[in-house]
There are 2 protein chains.
Amino acid sequence: MGYISRMDASVGQLQNSMFTGLSAFPLTPLSNDEVDERAFSALVERLSAAGVDSITALGSTGSYAYLSVEERSRVARLAVKCAGETPVFIGVGALRTSQVLTNVANAEAAGAAGVLLAPMTYQALTADDVVALFRTVTERSSLPVIVYDNPITTHFTFTNDLYARIAEMPGIASIKIPGIQADPEMTMSRIQKIRSVIPDHVSIGISGDAMAAEGLNAGCDAWYSVIGGTLPQQALRIVRPALAGSAADARAESARLAPLWALFAEFGGSLRVVAAIAEYLGLAPKNCLPLPIQGLDSIQRLRVAQVIDELQLAH
Amino acid sequence: MGYISRMDASVGQLQNSMFTGLSAFPLTPLSNDEVDERAFSALVERLSAAGVDSITALGSTGSYAYLSVEERSRVARLAVKCAGETPVFIGVGALRTSQVLTNVANAEAAGAAGVLLAPMTYQALTADDVVALFRTVTERSSLPVIVYDNPITTHFTFTNDLYARIAEMPGIASIKIPGIQADPEMTMSRIQKIRSVIPDHVSIGISGDAMAAEGLNAGCDAWYSVIGGTLPQQALRIVRPALAGSAADARAESARLAPLWALFAEFGGSLRVVAAIAEYLGLAPKNCLPLPIQGLDSIQRLRVAQVIDELQLAH
């Protein structure tokens, strides 16, 4: 796009430049309840070719919570193999600490450049439980860790104080924060508050695709992106201007995708919609999500196809 | 206790008498991140000897969500072996339908008398997703199924309409409903509403120990009980009078345990408290919960011990 990234231009204090820019979250498509390795490999190759800054495999969009230890290990290896020079981060979250450590070891063996760790819950966790989890993982592994704050899926709520306690651990490279539903000023104030309590070398990445442009404009270093995993060119058209300081361009490109964000809101989140997009574009087999998640019905899929066509998102 | 159960006396239309009375939920104690099979076996033998009506192993109290397929299969076999003549139900919930089916097959092979199925979530599920999950399980297995409604851990909310859609499936034996925080009249009205939309042969079991006496007094057929798994005699002192129609006796015995219910509320639920009780009574090794759940701190444990001693719950 010809934009110079804000990173190169001014944010020299960020040591973990790997944890900035667009991190694309590919689906892990299933076919008859098995990982469709061909479809997954093609998705990862597509992301690398598009020039995303990193690939996070086995994020929430990559259905990590539904896959076995063995499936996750295999997917991690495939991701690293197909990503070429693009750094690969691997989601390692699990309900039990020992399972997390197994996933971390497998990600390390696969050649991952970092891991993404969400405090999954079944029984509610305390802040001290979560601190101990991150301490255990950072002490046992030399891989950089992205703190994954996703209250919608984990039902765990981080406070700024907890961000601070975890971010000071050696090994913490980035925090993936949830989308901020507010105006630009409130977004800016929220990001500044987080920034003020964590070390400079820890990057802040926005998620919640509809809020990404404002998050980046407000000072986030990265976008951990759902659509980036399936429509990388579209995501780059938001992240490149934002990080180069062209806030208006990023905002305009995000506004152009408003019909897509509306579908995310209407259809209960991004996952089912992005799976339907990938299926519509021939990037994933039909019904690629793990049951019991049934995916969108045929009428919803028609609406998705309409938006894809009208916004020319296939290109 | 000398009480004649309400079942025997009047509720003849209940075909699934196995799914009535006290179902006791034992912990699955861990020791150094492995199932402590000796402690678990002793807990189950203790329940059988106490004369509980059924044992549900691998419920939420049994940490099912944290254990591997292999651990769960082994625990199911141990439970059936140690329970003697007492029927054993096995928790089979998992995030992915195919994992649930594996757990069901393993429960069946272990000799379970039924399975307990909660719609675990990471991504939110729709009502149709959950209907399809229960349809798949009831079609693939001949084991009776208990529908496990636990919104606190699953973050899925059942409606009465959904109870009706699922309860009509052949194979559904019981519904485990969450505790009802209200006065006796509201509890009665809630139970009657559920009863009016499900077949007569499907039993209704209350959970939320503090609300159990009122639930049973209001017409629930069973109590799916956390304390029943560790303090079976105490639980029987509530369930026997309630099911024999002596509502006041059940209410008084539950009121006597108010300091215990207060600890459940104060310490974030029943699991950590019951684990501390089992550890205090020497029924489980220290720190028997799966990490990252750290269990109660030492000051909280002192409070638990005090309540146990004051209420003479060790006897």
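Cβ coordinates come from backbone N, Cα and C, glycine included.
In TrEMBL, annotation is done automatically, which means it is predicted and not curated.
A C-beta separation below 8 Å, combined with a sequence spacing of at least six in one chain, links A:TYR148 (active site, proton donor/acceptor) to A:GLY59, A:GLY91, A:GLY93, A:LEU116, A:LEU117, A:ALA118, A:PRO119, A:THR154, A:LYS176. Following the DSSP three-state reduction, the secondary structure of A:TYR148 (active site, proton donor/acceptor) is strand. TrEMBL lists A:TYR148 with the feature active site, proton donor/acceptor.
Secondary structure at A:LYS176 (active site, schiff-base intermediate with substrate), taken from DSSP and collapsed to helix, strand or coil, is strand. The annotation active site, schiff-base intermediate with substrate is assigned in TrEMBL to A:LYS176.
Look at TrEMBL and you will find A:THR61 tagged as pyruvate binding site. Counting every protein chain shown, 27 other Cβ atoms lie within 10 Å of the Cβ of A:THR61 (pyruvate binding site).
Checking the recorded positions A:THR61, A:TYR148, A:LYS176 against chain B with a Cβ-Cβ cut-off under 8 Å leaves nothing. Around A:LYS176 (active site, schiff-base intermediate with substrate), a 10 Å sphere centred on its CB holds 26 further CB atoms from the protein chains shown.
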